[in-house]
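Enquirer: Please see the structure below; I have some questions.
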Amino acid sequence: MISDFGRLVTAMVTPFNKDLSVNYNLTRKLARYLVQSGSDGLVVAGTTGESPTLSREEKVELFRVVVDEVGGRATVIAGTGSNSTSESISLTQAAQKVGVDAVMLVVPYYNKPSQEGLYRHFKAVAESTDLPIMLYNVPGRTSVNILPQTVARLAEIDNIVAIKEAGGNMDQISEMRRLLPDGFNVYSGDDSLTLPVLSLGGKGVVSVVSHLVGGRIQEMINAYTSGNTTLATEIHLELFPLFKGMFITTNPVPVKTALSLMGWEVGATRPPLAEASPAEKESIKNLLESMKLI
């Protein structure tokens, strides 16, 4: 059972055509590029991939296409989380059939389950599959925070092996690291907290900004893990404006805007997400110019 999905995992955008249908050909090209530019793994149809507005059929085809393109060269992690346990089980099983390496399960949103409800949800999905599972905590979107004690309970299940922690709470991450067994990997879900999470023994990051500077983020991680904390800090501070600038409005609007400015025609976001405002687009353009990315 793999628990190491790599240090740098990119939460991949979903490219759309002008009519907002999924652009599977560009998905292939982007997946190749991300792996070539430093990504050890890819999350497909996660938050950054606009999972709420993708159909089940689109998700499964995205999983299949990315496995076909980069399977064996990078870890392919399917976003199969839902606020319906039965739907999450069904999509996880479909993802397993097309050959993904792992699945990522977001904390169920909107219906606000208790900690016991969260435990039962994730346990049920885990029992339905042989795939390794990465939990995904993002209370700013789900309105529910999975507590370190609940994660520790779930870590006793063989195929629940990692968590993407995007709550932005370093105290919570510290408590997770204290309670969790060796081999259970904690990933930062925030680009700007990658280095702090590494300092607490975290594994790496599930990144958005790696679409733009994957190689440089990999250099930062490698510097830290090899003991060159001075260089790691220098790279972190260099990239910090980009880490913050890609979240000036709802993700993935800024990163899709940035990719478009860099020549990647990944298309707009599906409604109800709106495009970047003129002021936001100008801010992103200025940031990319200052980083010499365009």
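Heads up, the Cβ atoms here are built off N, Cα and C, so glycines get one too.
Summarising the annotation, Swiss-Prot assigns site 'Part of a proton relay during catalysis' to T47, Y110 and lists sequence analysis as the type of evidence. The pyruvate binding site feature in Swiss-Prot is assigned to T48, V206; the stated evidence is sequence analysis. Annotation source Swiss-Prot lists active site, proton donor/acceptor at Y136, citing sequence analysis. The active site, schiff-base intermediate with substrate feature in Swiss-Prot is assigned to K164; the stated evidence is sequence analysis.
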Enquirer: What are the sequence-distant neighbours of T48 (pyruvate binding site), meaning same chain, six or more residues apart, C-beta distance under 8 angstroms?
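Expert: Long-range Cβ contacts: A11, M12, V13, V208, N251, P252, V255.
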Enquirer: Find the one among the recorded positions T47, Y110, K164, V206 whose C-alpha lies closest to that of the residue listed as 'active site, proton donor/acceptor'.
Expert: K164
Enquirer: Here's one to test understanding: among the recorded positions T47, Y110, V206, whose C-alpha is closest in space to the C-alpha of the residue listed as 'active site, schiff-base intermediate with substrate'?
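Expert: Minimum Cα distance from the residue listed as 'active site, schiff-base intermediate with substrate' across T47, Y110, V206 lands on V206.
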Enquirer: I'm trying to understand the geometry here, so how far is the Cα atom of Y110 (site 'Part of a proton relay during catalysis') from the Cα atom of V206 (pyruvate binding site), in Å to the nearest whole number?
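Expert: One finds 23 Å between the Cα atoms of these residues.
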Enquirer: Any idea what the Cα distance is from T47 (site 'Part of a proton relay during catalysis') over to V206 (pyruvate binding site), rounded to a whole Å?
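Expert: Cα-Cα, rounded: 11 Å.
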Enquirer: Counting Cβ atoms within 10 Å across all protein chains shown, which of the recorded positions Y110, Y136 comes out on top?
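Expert: Counting Cβ neighbours within 10 Å, the top one is Y136.
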Enquirer: Which residue among the recorded positions T47, K164 has the fewest other Cβ atoms within 10 Å of its Cβ, if you could check?
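Expert: Among the recorded positions T47, K164, the lowest count of other Cβ atoms within 10 Å belongs to T47.
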